[in-house]
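Asks: Got these off TrEMBL a minute ago, pasting:
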BINDING   B:Gly12, B:Pro13, B:Ser14, B:Gly15, B:Val16, B:Gly17, B:Lys18, B:Gly19  ATP binding site
DOMAIN    B:5-184  domain 'Guanylate kinase-like'
Protein chains: 2
Amino acid sequence: MAKRGMLIVLSGPSGVGKGTVRKEIFSQEGNKFDYSISMTTREKRPGEVDGKDYYFVTKEEFENEIANGGMLEYAQYVDNYYGTPLKYVNEMLDSGKDVFLEIEVKGAMQVRKKCPDGLFIFLTPPDLMELRQRLINRGTDDIAKINKRMKTAVEEIEMMQNYDYAVVNDEVPRAAEKIKTIIRAERWRVKRFLPDYKKQLGDALK
Amino acid sequence: MAKRGMLIVLSGPSGVGKGTVRKEIFSQEGNKFDYSISMTTREKRPGEVDGKDYYFVTKEEFENEIANGGMLEYAQYVDNYYGTPLKYVNEMLDSGKDVFLEIEVKGAMQVRKKCPDGLFIFLTPPDLMELRQRLINRGTDDIAKINKRMKTAVEEIEMMQNYDYAVVNDEVPRAAEKIKTIIRAERWRVKRFLPDYKKQLGDALK
């Protein structure tokens, strides 16, 4: 039996640019992991392809999947469901392939509970440190509004604690390269490397 | 105050090629970490430079350092002491620099206890899986000797559990590149990244 693949989860606050970074990663050759396509009930937009951008399903089909325990994670945004079908992910992992998910933070926390051994990467905005100064300099927001934005920033950073790695999305190619470096390095973590290595040694001892 | 640097420890079984891989890493430009030079009581060999290859000291000087708590780790091999002076390592870490140690496994375990947050990389021989077959094919060792070597191999692998990463030394440039990838990625681990990020945010909230 093949060594089970690694589940890679890229997440981060809404608007941080997860999709753009993910597309940058998958526009490059030589990745040793596959992208898990999400399922959604929202309307297909012009140019989108079923089974490539999303699996487009009806609300009833999605709710059936949920009822049958067929979703690894899901969430509702603006009356539509978004989620990751479990079947495809499991098939890939079982065949030894690493699987890459790009999902919202709520979904990521559902996955963390089910797959604690996954690799969780948090994409974080570059401007948190400069945010306040920029907001003040701009002079359009009052101090209450600035403080509210800073509070949201703090909450976002707190979420980071549930992840293994954090990458600042200052430039998309740079963030993509860092994420690929993390995925490479993570394969040599002893907890991932040792079981397989021991198994091979076990075979050698026979 | 600068963020404290990361302590990087490369270790592995005797004869695995730690020194060769370390030299390969430091022969390259652009490393963002410094090598911590070991202290020893052994004779200086032709070509070796004091303060570059080792700090060469007398047995009395070394034992004084031990007595004064001046060694981060040390061990005795063939009547000579080898170890890492604490002072230099601490100065570099305090100034925010990452420090690279290349030490024996016993020393590495001493460091792990004192610096649990260090980055511990285990260099492992490439041939464990093939070792038995090669020994059998060679036909020079009897089965008892082969089994003893395999037992040593198993013990070496067990030590790996105390490390964060394991890298197979199949080719020196390849192993060096993997170690550099690990060091890069490790800087984005949330536990290393978050304290500094929070501090910067704290400043922004003032």
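In case you wondered, yes, glycine gets a Cβ from its N, Cα and C as well.
Remember, predicted model here, so these are calculated numbers, not experimental data.
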Asks: Does B:Gly15 (ATP binding site) have same-chain partners at least 6 apart in sequence with Cβ under 8 Å from its own Cβ, and which are they?
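Replies: The answer is B:Pro125.
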Asks: Going along the chain, which residues six or more apart from B:Val16 (ATP binding site) have their CB under 8 A from its CB?
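Replies: The list for B:Val16 (ATP binding site) reads B:Leu123, B:Thr124, B:Pro125, B:Asn169, given in order along the sequence.
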Asks: Taking all residues of the domain 'Guanylate kinase-like' (B:5-184) together, what is their mean pLDDT?
Replies: 90
Asks: Specify all same-chain residues, apart from the site residues B:Gly12, B:Pro13, B:Ser14, B:Gly15, B:Val16, B:Gly17, B:Lys18, B:Gly19, whose Cβ lies within 8 angstroms of the center of the Cβ atoms of the ATP site, ordered by sequence.
Replies: B:Leu123, B:Pro125, B:Asn169
Asks: Using all protein chains shown, find which of the binding-site residues B:Gly12, B:Gly17, B:Gly19 scores highest when you count other CB atoms within 10 A of its CB.
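Replies: Of B:Gly12, B:Gly17, B:Gly19, the one with the most crowded Cβ is B:Gly12.
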Asks: Return the residues near B:Ser14 (ATP binding site) by Cβ distance under 8 Å, restricted to its own chain and a separation of at least 6 in sequence.
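Replies: Within the chain, B:Ser14 (ATP binding site) has Cβ neighbours under 8 Å at B:Glu104.
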Asks: Please classify the secondary structure at B:Lys18 (ATP binding site) using three-state DSSP.
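Replies: Helix, per DSSP.
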